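Input: a single structure, listed below in structure tokens.
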């Protein structure tokens, strides 16, 4: 979701839009957008 696995930047932007520091594509096939705070 949110651009994963192909568009990592879209995931990162989504995470920033909800108040996180950024995000990356995670999971076995990098299908999940995972946000991080620090």
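Each Cβ is built from the backbone N, Cα and C atoms, and glycine gets one as well.
Values in this document were obtained by computation on a predicted structure and should not be read as measured data.
Per Swiss-Prot, these features apply:
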type	residues	note
DISULFID	4-25	disulfide bond
DISULFID	11-33	disulfide bond
DISULFID	15-35	disulfide bond
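Counted over every protein chain shown, other Cβ atoms within 10 Å are most numerous around 11 among the disulfide-bonded residues 4, 11, 15, 35.
Nearest neighbour of residue 15 (disulfide bond) by Cα distance, taken over the disulfide-bonded residues 4, 25, 33: 33. Residue 35 (disulfide bond) sits 12 Å from residue 4 (disulfide bond), counting Cα to Cα.
For residue 25 (disulfide bond), the same-chain residues lying six or more positions away in sequence with a CB closer than 8 A to its CB are 3, 4, 5, 8, 11, 31, 32, 33, 34. Classification of residue 4 (disulfide bond) by DSSP places it in coil, neither helical nor stranded. According to its DSSP assignment, residue 11 (disulfide bond) is helical. Other C-beta atoms found within 10 angstroms of the C-beta of residue 33 (disulfide bond) number 22, with every protein chain shown included.
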